[in-house]
Amino acid sequence: MANVVVIGAQWGDEGKGKITDLLSRSADVVVRYQGGVNAGHTIVVDEKVLKLHLIPSGILYPETICLIGSGTVVDPKVMLKEIKMLKDNDIDISGLQLASTAHVTMPYHCVIDAAMEERRGLKKIGTTGRGIGPTYADKSQRNGIRVIDLLDERKLREALEIPLAEKNELLEKIYGKEAIDKEKIIEEYLEFGRLIKPHVVDCTRIIHKASRNKKNILFEGAQGTLLDLDHGTYPFVTSSNPVSGGACIGAGVGPTLIDRVIGVAKAYTTRVGEGPFPTELKGKINDQLCDRGGEYGTTTGRRRRCGWFDGVIGKYAVEVNGLDCLAITKLDVLDELEEIKVCTSYELNGEKIDYFPSSAEDFGKCTPIFKTLPGWKSSTANCRHLEDLPPPAMAYLRFLAELMEVPIAIVSLGASRDQTIVVEDPIHGPKRALLSS
């Protein structure tokens, strides 16, 4: 038995969906532990492209239990659309389960999210506009609506009474928007409750039962370390905790239940939205990475900002998450480059530093110090073993492993499942990897 957490080691969009899908074949339970529909992952199966925002990647394996945990925020409209899409593609969803205690994103959350971002003007954060922040804010203020409330009209009416009155006053008097009709919401969300009721469970109880029965449990994070509310580039962050510690809170397990933490990182770096990004590229190479990597957000469709691999934030992610190993994705995107740069440290106010500054203002002033490595100018897309890789590609991976001081267990060379080199099975293999320092 092994219980594994999969986290993003950068700013999200690292390819966690593919890695989780790969590991899910060995998992009995897959748990999404935080975030909402602001996250998106793309999975390619039999040339079909499936884009999911809420439902865990493990849903593609019919024997796997897929839990949407208590730490998530759920938009039932999106969940039902994803259920329909999966059914239309003949995918068995009988293993899909939703925590009764997860909070629900309501229509007013989305309206307020967009209005707040509009009001910020030039100081905007770059939110997806999906209502995630306002949903988590209501949760913290104990004004939230939970999944269990959608199953009982009396509970839903009581739960809506105070927050909806407050939100309507805010919408009308501060943002100049129309008030939201209470009866319409109640009717609509009771129907959502009726439709999702077969999937609603006590999430924590199921996880602990699986643990007692020595099952393999995979905890799937959304977004990435540098978007963590407490440990990211605040305020340009998400409203939850994507780091490995968030798995304990969002799934309701103790840290001793976690056996291993896998960090997923691209062979370069991307970021969506606002906020500092020291290794960001402009011009031809940026366009090349964006086009070859298909760097457009699954959730927003926004073009991602691209840059060289940043080893400083990488080492920070190793420390914050307690990473045991890495999965490096999109190595093939670098195939046509003459040379490749890796940030090994920063210069801040004339001083060389090798750590991630806690101030976003200081981080924005950091100038990257690069190590230049030769490119390989040949395709890696069909490589299936380490020895198939061009020597410069192997050298690049070894350099990343040495810089991050953590072994590489998986290398992804494309979107398809078979475009993967598994150096070590992170669930069943020994706690080591062959490609290491």
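Counting starts with 1 at the first residue shown.
Cβ atoms are placed via backbone N, Cα and C, with glycine included.
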(request) Return the residue out of T128, T135 that Swiss-Prot annotates for the same IMP site as D13, E14, G15, K16, N38, A39, G40, H41, R142, Q223, T238, R302. (result) T128
(request) For R303 (substrate binding site), list the number of other Cβ atoms lying within 10 Å of its Cβ atom. (result) 14
(message) Run through D13, G15, K18, G40, H41, L413 for me and report the recorded positions whose CA is within 10 Å of the CA of R304 (substrate binding site), in sequence order.
(response) D13
(request) Could you say whether, by DSSP, H41 (active site, proton donor) belongs to a helix, a strand or a coil region? (result) strand
(request) Using a 10 angstroms cut-off on Cβ to Cβ distances, just flag whichever of G12, G15, G40, G301 is the loneliest among these binding-site residues. (result) G301
(request) Measuring Cα to Cα, tell me the gap between D13 (IMP binding site) and R303 (substrate binding site) in whole angstrom. (result) 12
